[in-house]
Ligand code: HEM
């Protein structure tokens, strides 16, 4: 063989080898693109650069979370950047894109009228499955979900709200007023943190509602005791700073609840919430908190069953029943219908009872935190609210006292309702409301494959800024037909971003032009909506209205220094304010 022939054959081998390697790499690249890179849903706008990355939009979101912790504003900014009310983001590696919908009308249409197309998404189940695997919040809509929800159906009944919830909420808010009077005297106009006080106030009320009056609910009263022993007047407070008060440890159940809430918040921020919960629950801090929660919940169910057994032969339905008693009563009736022994201690009973307490505490506390900032920063609305309250409860003014629980739960004060509704419009604590497509369907004219998750955003376009333009023919049929006779589908006007409770009032023809509260004046999404909307909504309203009324009745809420007044938010499971301070001037009742 000549030298030339040998070189040729070596070149040929190299060429064949290179071609094979090239093909292999090409196949690998194709495999990478097809199997691992995000797969956009055709035509729905997305960040092109993110679609070329294994982790999609996740790194950018992580950077944003590290910098600001504000996920909701980032989501809204993506819809503005991509100039569309419906976009897709790649936030769940190796899974389908998530759709972000920033349009109140289409969001309400999905939640209210499209149960055949959309249901509860798996996200909430993933977050809560460690804590309360049989709570109905994570279930698909169906008989099992309904059976669980029936356990807490008393939540929306008038006797429960009036006899059980109203007095408990009033008592805990009044204790907070007492604590704040003591703090205000020490602070002498300086600001102090309110977050913990709200948390204790809300959990105190919910404990009384869930477990009954005899259970120690001393979140606020333990702070009062400590403060009353704290005689030193505040040292010179520098401008732009706040006073820090010492803090007492309340009952072990309240401390356990606080730890559990922090752990769930942590899971809410994780891409893998189940695994995160599992890991945390192995640590002594959470494991111990869960033990206390389990023990107390079981004890209270056993006590409730015994109380019910005493009350039932006498058909004694009078007096305030705790939520645990209502649940035990329901289980007893159900067991009779189904010819079986009642099961007072069971995973559903425990999960629904604690789930009620959990669902109601964090949400209400964050909403109140936003409320107090907003009311303090809008002094004109605040004094209108105070005037409306004084006009609405003249007996209380005459007797130099705050309105009683029964006066407050039986009387409507339109300006109070409007103020609370406006707070929920401007600063909803809800981060997002999610659903999953349960069959191939359409949204705003785009094909949406079965299994796609949709996050509707309860803030931004159409709520506090002008809505995205959407042509009518792109909307769903139910959205088009319902728009004619349903609540106003979006807010408009130059003042859309401002806090104006009056937008929720309208003159009533039946009441000779008197202003009445109009809950249909425009959209809000703070409680979600439809069959899977917030089941505790009436209780939440009662708590928010009573608390805001009692604070404004007893104090002038002053604007805090700028450094303590930011509206920056930190997102976990909910959208919560980073700074929550109050500066108070005491008023006589
Ligand atoms: C200001 C306070 C509250 C806010 C902002 C709030 C918000 C929400 C939101 C956004 C949802 C999901 C709705 C949806 O997917 O359409 C929800 C569900 C739920 N909330 Fe609330 N909530 C509050 C207070 C409460 C209270 C006090 C309770 C009970 C004591 C409660 C119990 C529930 C339950 C049981 C669900 C699940 C409903 C279901 O999946 O069928 N919430 N809440």
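Using N, Cα and C of the backbone, Cβ positions are placed for all residues, glycine too.
Curation plays no part in TrEMBL annotations; they are all automatic predictions.
The feature transmembrane segment is assigned by TrEMBL to 12-32.
The region 'Disordered' annotation in TrEMBL covers 470-490. For the region 'Disordered' (470-490), the list of distant contacts is 85, 103-106, 108-109, 112-114, 442-445, 462-463, 520-523: same-chain residues at least six beyond its ends, Cβ to Cβ under 8 Å.
For 534, the entry in TrEMBL reads heme binding site. Residue 534 (heme binding site) falls outside any helix or strand according to DSSP and counts as coil. In the shown protein chains, 18 other C-beta atoms lie within 10 A of the C-beta of residue 534 (heme binding site).
With helix defined as DSSP H, G or I and strand as E or B, the region 'Disordered' (470-490) counts 10 helix, 0 strand, 11 coil.
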